[in-house]
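Below you'll find the structure, written out as structure tokens, and then a few comments.
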């Protein structure tokens with residue numbers, strides 16, 4: 001059990017300066033998180049620590065596509081996105097999942113506002129290089145950081161759905177991990193926290209899966225090559241690598257069901273997998 005002294009020390013570490021951090025979470029993961037997770041978010045906000053949330057929604061998108069008789073196809077962890085698929089992606093991300101998250105934070109007492117990357121040109125994008133393979137999937141070219149900062153200065157917690165737009169008005173499906181990484185880099189935050197339903201990056205050690213406490217960029221590349229990192233985890237770690245190649249000093253992948261997980265990461269406790277430059 002955590003002592004009162006431990007709790008006080010953690011709180012002091014959190015409140016010694018106002019901080020902003022970016023949190024990325026899958027839509028299905030966020031929906032499954034306990035009420036205490038949302039209460040912790042609001043508590044951090046009340047202490048002057050500003051979360052900025054970027055969410056995904058893959059399973060819900062696939063479910064809705066299936067109901068409509070539209071095929072779901074992935075290429076290296078990215079969803080193939082036709083114009084027809086994009087309509088469903090935007091509907092699910094901005095009209096359903098985003099608002100569910102906003103409601104849950106609001107029910108916990110937080111001041112929160114839901115945004116799409118289309119709003120105010122928040123996430124500007126262009127087609128990815130392998131557009132023939134993946135369709136209308138976008139690469140982030142710019143993030144309107146001043147819009148995010150304006151929202152937070154008004155005391156609101158922004159929750160961002162990763163749909164991007166270009167100068168011609170074409171929308172793009174942006175991988176949520178990629179979008180979160182771009183937001184973190186543009187805001188210049190110290191940390192990005194990736195909340196998942198797994199305890200971190202796992203590696204086989206003597207036939208047993210163990211959570212890696214810390215990994216470097218080179219180790220990540222090696223694990224992708226050996227197949228230890230695969231599927232949907234690849235965009236997560238790629239986004240992390242892009243982040244820490246810029247202003248962000250570390251990305252931490254954690255299990256959202258861990259009690260007070262965000263506070264523990266921000267206080268520097270050893271939890272999940274930390275991705276670092278070296």
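A Cβ is built for glycine as well, from the same backbone N, Cα and C atoms used for every other residue.
According to TrEMBL:
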type	residues	note
BINDING	57, 58, 79, 173	substrate binding site
DOMAIN	20-255	domain 'Aspartate/glutamate/uridylate kinase'
SITE	24	site 'Transition state stabilizer'
SITE	236	site 'Transition state stabilizer'
Rounded distance in angstrom between the Cα atoms of residue 57 (substrate binding site) and residue 24 (site 'Transition state stabilizer'): 11
Length of the line joining the Cα atoms of residue 58 (substrate binding site) and residue 24 (site 'Transition state stabilizer'), in Å: 13
In three-state DSSP terms, the structure that residue 236 (site 'Transition state stabilizer') belongs to: helix
Residue pair residue 24 (site 'Transition state stabilizer'), residue 79 (substrate binding site) - Cα distance, angstrom, rounded: 18
Maximum Cα-Cα separation in Å among residues 57, 58, 79, 173, which the record lists as binding substrate: 11
Three-state secondary structure, which DSSP defines for residue 57 (substrate binding site): coil
Cβ-based neighbourhood (8 Å from the centroid) of the substrate site, residues 57, 58, 79, 173 excluded: 56, 61, 62, 81, 89, 92, 93, 175, 176
Rounded distance in angstrom between the Cα atoms of residue 236 (site 'Transition state stabilizer') and residue 79 (substrate binding site): 14
Residue 79 (substrate binding site): tally of other CB atoms within 10 A of its CB: 21
